[in-house]
Amino acid sequence: MYAVNPIECIHLKDEYDTCINKSIFDKDLKITKCHACNDESENWICMTCGVVSCSRHVNGHAGEHFENTKHPISASFSDHSFWCYTCDTYVHNTPLFDICEILENIKSSNKKDKIVPKKDQKEEEEEDQVVPSASITTSSTTTSISKQTTVNNTTTTSSSSTTTTTTTTSTTINNNEEEEESESETDESSSEGEESLSLIQRMREMIFGVGRGPKIVAPSEQEESEEDESCVLKKPTIEEIAKYINSAKCKNIIVMTGAGISVAAGIPDFRSPKTGLYEKLDKYDLPYREAIFDIEYFKKNPKPFYVLSKELFPGSFNPTTVHYFIKLLSDKGLLLRNFTQNIDTLERIAGIPANKLVEAHGSFATSHCVSCKKEYSTEYVKERIFKDELPECTETSGCKGIVKPDIVFFGESLPSRFNDCAREDFTKCDLLLVIGTSLKVHPFASLINFAKGCPRVLINFEEVGTNPYGGFKFNQPSNKLDVKCIGDCQTLVLDLIKLLGWENEFNQIVKN
């Protein structure tokens, strides 16, 4: 999953409507078994017809399904990637962003179903009394959910109905006949809602918990919400962001970072002609360049990955301005969390506390045998790599497995800490800073969707993340909270430090 930039194939452009059918998610997908062998370990869903099949690493029924149907695009339930069988590569496109959220929701829902004990009937009836109220209409799904609350011994029942363009809400108080009628309608609406519950809404509930996180409100409530939001920033500029950070209102800052913050440290990127890391791998005749980050390919041929690792291994690079800025935020008690895609451990070297750090794609800091899971030191792996030897498992008798740094590959799940912190942190976020990332790798990229009602700042070489599914609203007339700073992220962060008046403290951190 790390550093993969899937292509936009023709099937996601000219043939999107033919190949992608979102209605496949309307059916019950709580159990994602292969349709042919019932295996549950690693399955893909056909984005055209919704058939669930196992991967080539199990029994290969997904490939057989393609041969029989010629449906090109499938999505992974494991890592939420998309594969085009016709183009024979990983693919992605902006309209697939919301499908990533749906896949994450299904995965989270299945995991939760396995670990949560079954409640008795009385508990379920009690919970039914506090289900959040919401109505959502999308291009393919209409959802109605009822809400019943009791305030000062007075029961208020609200029922919501939706069409494709409007949402109306009616409320009846202290009228028994109307309450009974409304409750009857609510029961019917709730029943229908349970059958066709919007998967995106379920995604939010899984990440944030019921009754928490971004709220879905009626238009009148939305107007009030926007008025409240407009008080945070007078206008969406970096100068206003600096004032906001220095105010008492900003207490919990989340920073999302990508490879762009480490380029200034001398770490080469992947795709630059002649100098990019991928150029050095051409001689290994990879099936596709990103195969070096495929766990099954690694098990068969780990050498290309270790050639690449020599260019990235920690110890040869120093933190950058951005890393030390995040450290300063932590020292000032403003950093809630730093979610990073980087595997270079420069955040650790800069002194960002471990409890403030989420290495979403893992790192070189620890390593394990892919066969027996025995942990090995970074020094052991580094010594073998720089001797051009494969780091084999030596401490488990007869194992001889390959020792791999704990970097997340395709086919591997993100660290549990990623989901745990995302669920907890984004309900508290006062400010989101997104620095040096292309926002193309999911589910990391979709995190920006969950920073609701607070300022969001993009500091990047180019504008990214402006998708219609919760992305930045830089160029929209309604934008009051999203700020973009386009250019070199090191220079732009230095400018922000000056606006904040933190130059002396920053210089002291760098000096130390």
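Placement of Cβ uses the backbone N, Cα and C atoms for every residue, glycine included.
Feature annotations, reproduced from Swiss-Prot:
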ACT_SITE  HIS361  active site, proton acceptor
BINDING   CYS9, HIS11, CYS84, CYS87  Zn(2+) 1 binding site
BINDING   CYS34, CYS37, CYS54, HIS61  Zn(2+) 2 binding site
BINDING   CYS46, CYS49, HIS65, HIS71  Zn(2+) 3 binding site
BINDING   CYS369, CYS372, CYS393, CYS399  Zn(2+) 4 binding site
COMPBIAS  130-175  compositional bias 'Low complexity'
COMPBIAS  176-195  compositional bias 'Acidic residues'
REGION    113-196  region 'Disordered'
ZN_FING   7-110  zinc finger
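Mapped onto this structure are the features recorded in Swiss-Prot.
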{"residue": "CYS34", "record": "Zn(2+) 2 binding site", "DSSP (3 states)": "coil"}
{"residue": "CYS54", "record": "Zn(2+) 2 binding site", "DSSP (3 states)": "strand"}
{"residue": "HIS61", "record": "Zn(2+) 2 binding site", "DSSP (3 states)": "helix"}
{"residue": "HIS71", "record": "Zn(2+) 3 binding site", "DSSP (3 states)": "coil"}
{"residue": "CYS84", "record": "Zn(2+) 1 binding site", "DSSP (3 states)": "strand"}
{"residue": "HIS361", "record": "active site, proton acceptor", "DSSP (3 states)": "coil"}
{"residue": "CYS369", "record": "Zn(2+) 4 binding site", "DSSP (3 states)": "strand"}
DSSP state at HIS11 (Zn(2+) 1 binding site), helix/strand/coil: helix
Integer Å distance between the CA atoms belonging to HIS11 (Zn(2+) 1 binding site) and CYS372 (Zn(2+) 4 binding site): 40
Cα-to-Cα gap, CYS37 (Zn(2+) 2 binding site) vs CYS393 (Zn(2+) 4 binding site), nearest whole Å: 33
Using Cα positions only, nearest of the binding-site residues to CYS54 (Zn(2+) 2 binding site) (CYS9, HIS71, CYS87, CYS369, CYS399): HIS71
Beyond the site residues CYS46, CYS49, HIS65, HIS71: chain residues whose C-beta lies within 8 Å of the centroid, for Zn(2+) 3: MET47, THR48, GLY50, VAL51, SER53, PHE66, THR69, SER74
CYS46 (Zn(2+) 3 binding site) in three-state DSSP notation: strand
Alpha-carbon distance [CYS84 (Zn(2+) 1 binding site); CYS46 (Zn(2+) 3 binding site)] in Å: 10
Integer Cα-Cα distance in angstrom, HIS71 (Zn(2+) 3 binding site) to CYS393 (Zn(2+) 4 binding site): 41
Nearest recorded site to CYS34 (Zn(2+) 2 binding site) by CA-CA distance, among binding-site residues CYS9, HIS11, CYS49, HIS65, CYS84: HIS65
Of the binding-site residues listed as HIS11, HIS61, CYS84, the one whose CA lies nearest the CA of CYS399 (Zn(2+) 4 binding site): HIS61
CYS393 (Zn(2+) 4 binding site) - helix vs strand vs coil (DSSP): coil
Near-site residues: Zn(2+) 4, ref CYS369, CYS372, CYS393, CYS399, CB cutoff 8 A to centroid: VAL370, SER371, LYS373, LYS374, GLU395, THR396, LYS400, GLY401, VAL403
Mapped DSSP class for CYS399 (Zn(2+) 4 binding site), helix or strand or coil: coil
Cβ-centroid neighbourhood (8 Å) of the Zn(2+) 2 site, CYS34, CYS37, CYS54, HIS61 excluded: LYS33, HIS35, ALA36, ASN38, ASP39, ASN43, SER53, VAL58, ASN59, GLY60, ALA62
Site of maximum Cβ density within 10 Å, from binding-site residues CYS87, CYS369: CYS369
